[in-house]
C-alpha cells in the first residue's frame, strides 16, 4: 500500500500547485506584466477610437510605473493611460478579498472545508490571472458556489442568490467555467483539518499528557487553520500535514515537538547478546522467534536527520502562519485600515481594469456568439460553401454517373420537397 506521502505526491495539488517562494513570485510578476501589456493595448485602442475607457482612466498625471504604457503623449494631445497595479499590490488585494470571502462564508454558515476550498481556488485563480483582468468581487462569490460543489454540497442556485442578495443566476454562472479553467481543472483541495484530528488522537494515545491540554491545543490549532493558511501562501509551499504541525506548534509548541519526536523515534538495533535474552525475545524461554532488528533504511527514514528537517520545515511554516493569526480578522475588517490601504488600491483598480473582460455576463455572451459563428463557418467550410450537387456524388463511386438513373436523380434533386419535420431550427 502506498504511503500517505506517496499518494499526496500524485495529487494535482502537489504536481500543479506547489511552488517555491521564488517560483511563486516569478509567476505573479509574469502574470502582472502580461496583464499590463494586454490591458494597455485595449485601453489605447479605445482611447484612439473614442469609445471610452474605464471610469477615471483619462486625463491622469504621468506615472512613475516601470511600464512604458503609463507614459503620456509628449504633446499632451491625448489622455494618458492609467497607472497599473504592481504584483505586490495585486497580492494585497487578493488577500483582502480572501478575508471578504471568509466573511461571506461565515454569513452563509458554510462548513470549514467549503470556505477553505473556495479560498484556495480563489487564490489559485489569481496566480495565473490578474486581478485587473477579472473582477475579484464577483469571482469570490463564484468561488464560494464552486467550493460548495467541490466539497459535495450542491445548493440550489435560487437559494444561493438569496443568500448573497443577487438577482440573476448569470451573475454567478458566467464565471463558473472561467474559474474552472483558471485553476487548470484541478478542484481537489487537500486540507489539514483531518490531519489535526489524527494528531490529537496520537497525542492521547501516548497516555502521559493531560487531556485538557490536548483539547485546548486542538481547539486553538483549528482556529488557526480556519484563517492563517488561507490568508497566506501556505497551501502553495507546504503539505497539509506540515501546515497542521505548524498550527499545532503555534497553539502548543511542546505538544508539536513531542509528536514529532515520537513519530521520528529510532530504536537502535539490539546486540546479539541482548537479543538472546528472554526479555529481549519477548518470551519466558528460548522457544519464541526473535523479531528482525531495524535496518539502516529505517534509520534513515525515522532517524534524527529527517526529524531535524521536518522540524525546520514546520518552523518555517509556523513563521508564515504567524503573520496572519486569527486575531487579524478584525484588522482586515477595520474601516480605518480599509481607507488607508485598500481603498486607494481599489480606486486604482477601477481605473486600470480590463474593459473587455470586467463584465462577466457580457463576456460569456460574446464568447458564446463567437463560438456559434466559428461553428457555422466550420460547417460551411466542410460543405464546400453550400449544399453539394447530385453530380458531386459520383466521386464516391470513382467516376461520373451517366444514363437514365443519373437524369432521374438530377430531376429529383431539383424538386424541393416539403420537410415533414418542419423548417430549420
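Note that Cβ sites are derived from N, Cα and C of the backbone, with glycine treated the same way.
Remember, TrEMBL labels are computer predictions, not curated facts.
Record note: among 270-301, 302-333, 334-365, 270-301 is the stretch given as region 'Disordered' by TrEMBL. Checking the ranges 43-82, 83-122 against TrEMBL, the region 'Disordered' annotation falls on 43-82. Residue ranges 198-254, 369-425 are listed, and TrEMBL annotates 369-425 among them as region 'Disordered'. Helix, strand and coil counts under DSSP for the domain 'Cyclin-like' (99-181) come to 58 helix, 0 strand, 25 coil.
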